């Protein structure tokens with residue numbers, strides 16, 4: 001049976017409703033595979049929007065869910081606490097070697113970003129020695145979510161341009177791009193010229209915080225950049241008493257080879273946001289990790305200094321229990337699996353480039369990410385570049401699920417994907433791209 005967005009009762013997201021796209025009707029999943037209603041097996045090459053870091057229905061996560069639901073399904077976290085939340089919070093703080101002091105839960109990455117923004121603004125309101133601030137420094141090509149606050153600190157782009165009238169004040173700067181540096185510099189020898197304008201601005205005006213995706217801008221093109229950018233931002237933030245906020249919704253839980261990207265970059269933020277792989281993709285859960293010096297400004301009997309923010313399902317026991325199991329799994333096997341995955345991706349770069357020649361450019365690997373651009377004559381680099389959909393549709397013939405970002409093609413598979421499945425993905429990519437014309 002064929003499904004399209006018009007026929008379904010469900011409004012399918014990020015989908016042009018009258019384009020006539022055939023939706024894949026998924027009914028079952030296990031490991032890196034999903035099965036459709038006609039019995040076809042597909043490889044989930046992007047881990048269902050980067051969430052299924054251990055594959056679908058991992059036994060350890062399923063067991064944690066079954067155990068928890070026999071004891072406690074839900075209790076509101078306002079005025080209460082429960083073992084699953086405390087266990088997960090403690091384990092997350094231990095993962096950071098207690099670089100952070102408290103964990104604030106939400107339902108997803110966008111909400112976790114909202115919490116970080118509100119905490120940052122109220123930090124200045126609460127602090128007796130600081131003047132309140134209201135504006136953030138942000139980057140083009142960044143994406144932090146689709147709720148109002150998260151849109152505001154994202155780069156101005158196709159995701160949010162129609163809501164520009166709802167934007168609160170931010171100052172946007174070009175995103176660092178070490179693949180195609182506008183200054184013609186090389187990452188290992190530059191002086192972070194890409195931050196010169198930001199440095200000048202932050203010295204002239206007080207800002208609440210700098211919001212950035214550490215080491216890789218995800219949804220706007222899988223753009224990699226050098227850790228020295230984050231080191232410089234940390235230096236500037238400290239000098240100007242500006243909060244540094246890392247959005248690790250994508251990179252947290254091992255995607256780049258370390259538990260967190262900030263650890264890989266050896267640069268600590270003041271607030272850290274995470275979600276996606278936190279529960280191994282099984283249940284919705286977001287978390288905002290808060291530094292002790294920020295928390296202290298909320299530590300008061302004065303009700304007006306309290307943080308009045310909550311979500312109905314904040315700290316849901318089922319999600320927290322699965323999250324705790326996910327953390328343990330990451331520690332036991334996950335990080336080793338990412339290292340092996342990165343090696344597997346790296347060894348495929350040269351033959352992949354040799355096979356596809358001038359059709360592709362900027363082939364890159366970091367941790368469990370493999371990305372490249374398809375070279376073609378259409379100038380449009382954004383998400384709506386039609387080549388992305390054409391490639392996605394062609395890959396369906398090989399039963400491989402992809403979600404290209406315009407002409408940026410990437411895979412972010414589960415950490416424990418088999419070599420056989422990786423071979424199938426790369427063979428499908430090669431055969432798909434060879435069916436498209438080679439660039440001059």
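In case you wondered, yes, glycine gets a Cβ from its N, Cα and C as well.
According to TrEMBL, the substrate binding site annotation covers 49, 143, 276, 403. Long-range C-beta contacts of residue 49 (substrate binding site), restricted to its own chain and to partners at least six residues apart, with a cutoff below 8 Å, comprise 276, 403. In the three-state DSSP reading, residue 49 (substrate binding site) counts as helix.
Reduced to three states, the DSSP call for residue 110 (pyridoxal 5'-phosphate binding site) is helix. Taken from TrEMBL, the feature pyridoxal 5'-phosphate binding site applies to 109, 110, 247, 311, 312.
What TrEMBL records for 276 is N6-(pyridoxal phosphate)lysine. Residue 276 (substrate binding site) is surrounded by 27 other CB atoms, counting those within 10 A of its CB over all protein chains shown.
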Can you tell me how far the Cα of residue 143 (substrate binding site) sits from the Cα of residue 247 (pyridoxal 5'-phosphate binding site), in Å? 9
Three-state secondary structure of residue 276 (substrate binding site) from DSSP? helix
Write out the long-range same-chain contacts of residue 312 (pyridoxal 5'-phosphate binding site), meaning residues 6 or more apart in sequence whose Cβ is under 8 Å from its Cβ. 76
Please give the maximum pairwise Cα distance, in Å and rounded to a whole number, for the pyridoxal 5'-phosphate-binding set 109, 110, 247, 311, 312. 23
